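Asks: Below is the structure I would like to discuss, written out as structure tokens.
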Amino acid sequence: MGTVVIVGTQWGDEGKGKITDFLSQGAKVVSRYQGGDNAGHTIHANGEVYKLRLVPSGVLYPHQLSVIGNGVVVNPKSLVGELARLAEQGVTGENLRISDRAHVILPYHIKLDKLQEAAKGADKIGTTNRGIGPAYMDKAARVGIRMADLLDKEIFEERLKANLKAKNEEFVKVYDSTPMNFDDIFEEYYQYGQQLKQYVCDTSIVLNDAIDKGEHVLFEGAQGIMLDIDQGTYPFVTSSNPAGGVTVGAGVGASKIDRVVGVAKAYTSRVGDGPFPTELLDKTGDFIRNAGHEFGTVTGRPRRIGWFDAVVVRHSRRVAGITDLCLNSIDVLTGLDKVKICVAYERDGERVENYPASLKFLSECKPVYEELPGWQEDITKAKTLDDLPENARRYVERITELLGVDLLTFSVGPDRDQTNVLENVWDKVSR
């Protein structure tokens, strides 16, 4: 048996897609287990740039199965479009499997997402307006429509009518907005379901069979742990559980998980609103944003930038049970005279070592920094830690010391051959 979970340790955009693509070379199955098409990631492979939102990274390799688990909320329109774009790049998608238990995002979810966000005004969460939250709300309220329902014309019609009636009343009475048309949604989305029908199955069986056969299975988390609805900066979070969602979102037992790989950038970024203790609002932040091309894959929005926050990543390590660390984008910091690491917070003269649940408490905290000398040398061709200039190497070593976790890989650029392996995670699960 060999299973590895990949999770983001910050607020998403840590480079999980790249690491998933890299580690998937040793996997037979790659599966997503939560989130939706709000979680874009970019993969550079075979001289092509692939921008994925719903489809797992393994779809690029015909010998692997790519699984969208039951914990993912699926926008059929978005998924059909993504598969069409991949086909234009020569990726067939024949190795894709979609859980029949995955919930479906429909147009009324997207409309409700936008109306709810607009109604909050200055208190908005900063969602991607893709209907993720409302779809998970329907799931929790037990009125959601699943992939299995979408494929059954009679069931889909019955449930869509009931749901749309309730949603239209909400649109008109609560938000003073126009109702949506049943026929338009029904015909369009039933056809999307028929186009996806060939991929739909009980993916829990697929995953557990692969694990029981001793095959390597890689689970790909979306967003980051600081966006986890339970462990993140609530309410400025997503609607799912990147931290521990793999067991329920993929339908595999906790006893079948071997390693949890945490992915972090050598600095911090965030899209949307919410607390960000190490945020840089000066020219240093602009330098890092431009050097790192820090603009959202899905939204195109400039990401907020800050120094590496060890308090955040230690919190993520603890709540997700992280066993190994992948550190990305070290090269982005090249050219800075000094670099900083947040090692703790300070509040009213007292040192705070752990990330607080109260956002009011957090707003009263100031970061405590360690300052290290920067480096000017080009590190994009480095293959080992010894190839790094002394200051860059010391920066990496200090991060791992503060986190108390072994470094699995470090990256000095966006391409796959710029990800350098210190230890093969698949060797670890085979021991």
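Cβ coordinates are placed from backbone N, Cα and C, and glycine is handled just like the others.
According to Swiss-Prot, the protein has these features:
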ACT_SITE  D13  active site, proton acceptor
ACT_SITE  H41  active site, proton donor
BINDING   12-18, 40-42, R303, 329-331, 411-413  GTP binding site
BINDING   D13, G40  Mg(2+) binding site
BINDING   D13, E14, G15, K16, N38, A39, G40, H41, T128, R142, Q223, T238, R301  IMP binding site
BINDING   T297, V298, T299, G300, R301, P302, R303  substrate binding site
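Any idea what these are sitting next to in the structure?
Replies: Reduced to three states, the DSSP call for D13 (active site, proton acceptor) is coil.
A strand conformation is recorded for H41 (active site, proton donor) in the three-state DSSP classification.
Following the DSSP three-state reduction, the secondary structure of R303 (substrate binding site) is coil. Cβ contacts within 10 Å of R303 (substrate binding site), excluding its own Cβ and spanning all protein chains shown: 22.
Counted within 10 Å of its Cβ, the other Cβ atoms near G40 (Mg(2+) binding site) come to 19, all protein chains included.
Neighbour count (other Cβ atoms within 10 Å of the Cβ, all protein chains): 30 for Q223 (IMP binding site).
Every protein chain shown contributes to the tally, and the Cβ of G300 (substrate binding site) ends up with 8 other Cβ atoms within 10 Å.
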Asks: Using C-alpha atoms only, work out the spacing between K18 (GTP binding site) and H41 (active site, proton donor) and round it to an integer in Å.
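Replies: Rounded to the nearest whole number, the Cα-Cα distance is 8 Å.
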Asks: Between G15, P302, which of the binding-site residues has the fewest other CB atoms within 10 angstroms in the structure shown?
Replies: P302
Asks: Using Cα-Cα distances with a 10 Å cut-off, which of the recorded positions N38, H41, T128, R303 are near G15 (GTP binding site)?
Replies: H41
Asks: Measure from the Cα of Q223 (IMP binding site) to the Cα of every one of the recorded positions H41, P302, V412, then give the nearest.
Replies: H41
Asks: In whole Å, note down how far the CA of V412 (GTP binding site) lies from the CA of N38 (IMP binding site).
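Replies: Here the two Cα atoms are 26 Å apart.
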